[in-house]
Amino acid sequence: MQPAGRPGRLPLLQALLALQAVGRALGRASPAGGPLEDVVIERYHIPRACPREVQMGDFVRYHYNGSLLNGVPFDSSYSRGGTYDTYVDSGWLIKGMEQGLQGMCPGERRRVTIPPFLAYGEKGYGPMPSTGTVIPPQASLVFHILLVDVHNPKDTVQVDTLELPAGCVRKAVPGDFMRYHYNGSLMDGSPFDSSYSRNHTYDTYIGQGYIIPGMDQGLQGACMGELRRITVPPHLAYGENGTGNKIPGSAVLIFHVLIVDFHNPSDPVGIETLLRPSEPCNKTSKLGDFIRYHYNCSLMDGTRLFSSHDFAAPQEATLGANKVIEGLDRGLQGMCVGERRRLVVPPHLAHGESGARGVPGSAVLLFEVELVSREDGLPDGYLFVWHKDPPSSLFEDMDLNKDGEVPPEEFSSFIKAQVQEGKGRLLPGQDPEKTIGDMFRNQDRDQDGRITAAELKLKSDEDQERLHEEL
């Protein structure tokens, strides 16, 4: 028997074997000095999101610090100011590094310990150009790795919809002109560009080669107001050379994109009826009509621009008189009094590429309109029309004091009486006094302040005489 308190040989051997097993599991030398038996991976920073993991055949960009087991450094990508870029499973890396990269996520940090037979084996390597350090034969290596990004040459554009607005009635197609905001970053989160920093959307045609191919593809099929994440592999971005000083060669690009609006140069006005009056509608608004309407105008992202409710009275316009933008003029035609509509007006029927005060260039406008009233318009060039045939003794009726002349006061009194009695009507939407004054000056041929029987002519008679002279 052994003395009390001293373990026997069998327990000591079992303890030693257990320690060696733990050493092999950790990838470090055992207490007996045994070598590593496999690559040991310690993940000490794992990003919250992992869009993909490294697989054989992938192209990776990573930073590393390399050292021997005793801590002596032999190489570092940081000292060269750039990532180490290579294919995995292409024979360009030592076997242990290929294994150590497997399953890594972009942004992940690992400590990878590689045994000699998966590193430089019996021959060693060196001296290393960056440090002059020689990797001795049978040396285990330790790498601290940061994976910057990963892609495969067969990768296509990846589109993830982060936010999709309700009621998407149309999706972007090639040939559309789009306005969008974006934040661009590398796979490790490093930003390289943002439209927000310029306080202006990026405006371009899609599907026509004006932007990098990956973004061109990633924007198609989007809805207005949609938020997308577009991941673009380098062969569909800036390739092996990169661009500028923020996008390195072979970099995967990630864009967070907000689609503000888009349109096609052939788009008509989009018209959606929101409310029809309950009573039958026998007459609708048409070209030449004088109308009163309320409106709210905004951009497609909801940014408020203008509203008639900010004023004391509804907006007034004569349809077809070029008093409002063309798209709004078209959208207000064919309406019943009391009807409400939503109008989507493309920029070529609004304020065009230049925009207007408060309206960005190439902006699609959203109107909600309500027709308050309408009046039949007058033929082009007319200031007053009779509802029936005019009096046969027109001048005599107009000459109230029967002195053979009609001064402005008599003319005005006569015209106002015809309107009040429903026998005729003035051009709607204008100041009646100004309209009557213009009518008087048209009839006062010699501009002496009086109209005589010889001077007085109906507009229809004037038009007929003009036609006869032209013929």
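For all residues, glycine too, the Cβ spot is worked out from N, Cα and C.
On a predicted model such as this, the values are computed, not experimentally measured, just so you know.
These features come from TrEMBL:
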type	residues	note
COMPBIAS	431-449	compositional bias 'Basic and acidic residues'
DOMAIN	57-151	domain 'PPIase FKBP-type'
DOMAIN	175-263	domain 'PPIase FKBP-type'
DOMAIN	288-375	domain 'PPIase FKBP-type'
DOMAIN	394-421	domain 'EF-hand'
DOMAIN	431-466	domain 'EF-hand'
REGION	426-449	region 'Disordered'
SIGNAL	1-27	signal peptide
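Beyond the ends of the domain 'EF-hand' (394-421), by six or more residues, the same chain brings 384, 386, 432-433, 436-437, 439-440, 443, 449-453, 456, 458 to within a C-beta distance below 8 angstroms of the stretch.
Here the domain 'PPIase FKBP-type' (288-375) is broken down by DSSP into helix, strand and coil counts: 12 helix, 37 strand, 39 coil. Mean pLDDT for the domain 'EF-hand' (394-421) in this predicted model: 93.
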